[in-house]
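Before any comments, here is the structure.
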């Protein structure tokens, strides 16, 4: 920001043209008056004394851009003619606008009065202010004041003239505004570091670096660190101030590159950012070697072009509707506008006012605030996306786990601890839709899904997550059928035996199938087959691949074997079939068992149940549907 201010002043200094005037002093206060109209100057490589400077023939009375430049081998002499028209002595304060000038000497009445510069102890200054400021006693009448200036870096011949009272009043405002700017930058740096803990993106590190280097460069270039912290240390110079400015711009380039995602959104434009960054890095390296006489001046111009280039890129993206680019364009535009305003104010194009005189700081402050709002908005959008993604993930997880599992997972409990992992006795039901392969493919999937969905609703009816109770637990879906268990891992909801509960549920599955089939045409050949067996089953979570809950055990195997009986034994082929293991039948209540018929195996065997001598079955008529005969291998 200070670089932009200097360049703005340099480019507008050509406005100050004309014959030098005599400075008139009377009883009226003088506030922030530019010394340029009253000043004559020349620069030379010779080392002159006051007498030689007084008679030097090369005095001129206009400032052109070349007189803001790097003149490390020269010294510049300035003179101002003052006419004190009052009858008493007056005190004038001459405030130089460059805080870190190497040396400025005030000469009056044929002798040096005071020497100020960053190479001289701060506590020897007559006026304790960051900028070189001279208090001059003006006697009545006409007299000439001389200044001699040299610099190891920038040479800026620019003073403002004050009377004491308005000067000290203005100091309070300056301290408030400049101190507020630095505190704001450091405070927002801390704030954005906190944002980084929420949104760990490299763009935030770049912006925090930018804020810190902006505060450093402002304090260095304006001399506040020397005034308040390192008063008598000559370690810091204009060069170091420019170095912190370059680092601030490097951080800005990195921030824009990452914050606006230029690599993806404007890949061709990234070359410009890399070019400016490379030049700034090269300048830092050359400056560290002491070659900053020319490199520094070139860098000033390049950095200005760089700032407008960044604004140009962000405006293009903002026009395209990019949310982040709108924040950056507004914030960066405020900073550039502030620099333009104060540049015009310093050279009289705009009136001097507390707002215009501190426009660069106000613009810079707005830039930091708006940009921090932009970052906060980006973090907020990130949090919204994360919340939506989390909600979506939980919505999808609901399709894979039971509500009580989801609740426990959200409480930080591992999924492995959400279901019982042990063995237990249970009754297993195997349900299958027979001849589903003969359905029209255009609606067969929909039909099967509706049947299985209705059955799932029956299993989960009155589910109690606190006691892990439900009518059944679906073990696995088998395309056009499923396996479910009664009694484990979910407890039953009533006082009936597991076998009675299983029979009731199986018959409701058949009813649900029938109700769904009635809504479709061409389902005449569709029937359902149910096998029911009892045995031990064990629950566990898989240890490889995706973690999910599984059940295995003899009860599951036997249920599938008893459902497959329909393929081997020629029982009624035009009706639904429910087949029971003898052990299940023997545990049924009398009213339920009476509906089943016994089938003796004789020499036939049921696979995996070699001790079985018989099984029990029940045919259930399909309501209001006619059936075509099926081959024995395809039906009952």
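Heads up, the Cβ atoms here are built off N, Cα and C, so glycines get one too.
Since this is a predicted model, take the numbers as computed values, not measurements.
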Which range of 134-156, 272-294, 364-386 is transmembrane segment, per TrEMBL: 272-294
Residues flagged as transmembrane segment in TrEMBL, choosing from 300-319, 400-419, 420-439: 300-319
TrEMBL annotation (transmembrane segment) - matching range among 100-120, 331-351, 457-477: 331-351
Helix, strand and coil totals (DSSP H, G, I; E, B; other) for the domain 'Guanylate cyclase' (427-563): 54 helix, 42 strand, 41 coil
